[in-house]
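The ATP binding site feature in TrEMBL is assigned to Gly18, Ala19, Ser20, Asp24, Ile50, Gly128, Asp133. Residues or ranges marked as domain 'tRNA(Ile)-lysidine/2-thiocytidine synthase N-terminal' by TrEMBL: 15-205. Under the heading domain 'Cytoplasmic tRNA 2-thiolation protein 1 C-terminal', TrEMBL lists 259-283.
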Amino acid sequence: STIVHEKLFCAGETVAIGASGGKDSTVLAYILQLLNERHNYGLNLLLLSIDEGIAGYRDDSLRAVQRHSEKYNLPLEVLPYEDLFGWSMDQVVAQQGRRANCTYCGVFRRQALDRGAMKLKADKLVTGHNADDIAETVLLNLLRGDFPRLSRCASASTQADSASCEANRQLSIPRVKPFKWTYEKEIVMYAYFKELDYFATECIYSPEAFRGFARAFIKDIEAVRPSAIADTIVSAQCFEYPSTSSDTVKSHLSQTLRECKQCGYMTSQPTCKACELLNSLNARKEQLKLDLQSDQTHFSPPENASMT
């Protein structure tokens, strides 16, 4: 019903499905393929996977995506972090530690999906975010004070304002979330009864994620008020600043997109978040090299030192 009511797709569009091999994207690919054939949507469906470079996790999940590609006869494109950013998540964690590693992964993943969809010349990028995910994101944006994202993160279809980034219009590919009103437990039950093949292991780094606190909080509220998840999404949709707000408040609650001066990706700041993180990683890497060289010079014995 979300697809029909929100008019998410048009006949003839190329749609890239963000496929991780997990339950959400697996059910999403299955349903879109089913509806496309049954109701003659006329969509050109593709699978787009991002390889974050997490040994023992992503390599296994990608094998599940490959099986989906073969079973549903859907072309598959896999983009590794290392190819796009020069870093894998294992390398990031090895240098930075487990603190805030999900921040790096989330930023890189969002940009990787956009770049992948652009590479595939997709008209839409569809993801398996469900109602639980969206409610968690709303809460996270509130906790971070990221008000401009509130209503956008709760929308079934979002598109950046390409007018502010004319040279990069191809990067403003709409993101579509057909599972906006579908609860996680409904997706799990559907996958179970349809006997769908999906990868169920949690990311080895996710226990450190800040999102986990939001998830636990939402679940606690839902136990008392079953409609809490849907209510949270509706509240975010209705969020807007009053017309009487000062220019300072309006400026804080709105975003003007521009091109990142470093990579050309869309951002509300002079430099996009991905480039900021990469600059930090590369600077830290160089500093570690210098420290290592300094230590080796300091502790190396003189060339004419006698051997005893």
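Glycine residues also receive a Cβ, built from the backbone N, Cα and C atoms like all the rest.
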Sort Ile50 (ATP binding site) into helix, strand or coil using the DSSP assignment.
strand
When secondary structure is assigned with DSSP, how many helix, strand and coil residues does the domain 'Cytoplasmic tRNA 2-thiolation protein 1 C-terminal' (259-283) contain?
11 helix, 3 strand, 11 coil
What mean pLDDT does the predicted model reach across the domain 'Cytoplasmic tRNA 2-thiolation protein 1 C-terminal' (259-283)?
91
Which three-state DSSP class does Gly18 (ATP binding site) fall into?
strand
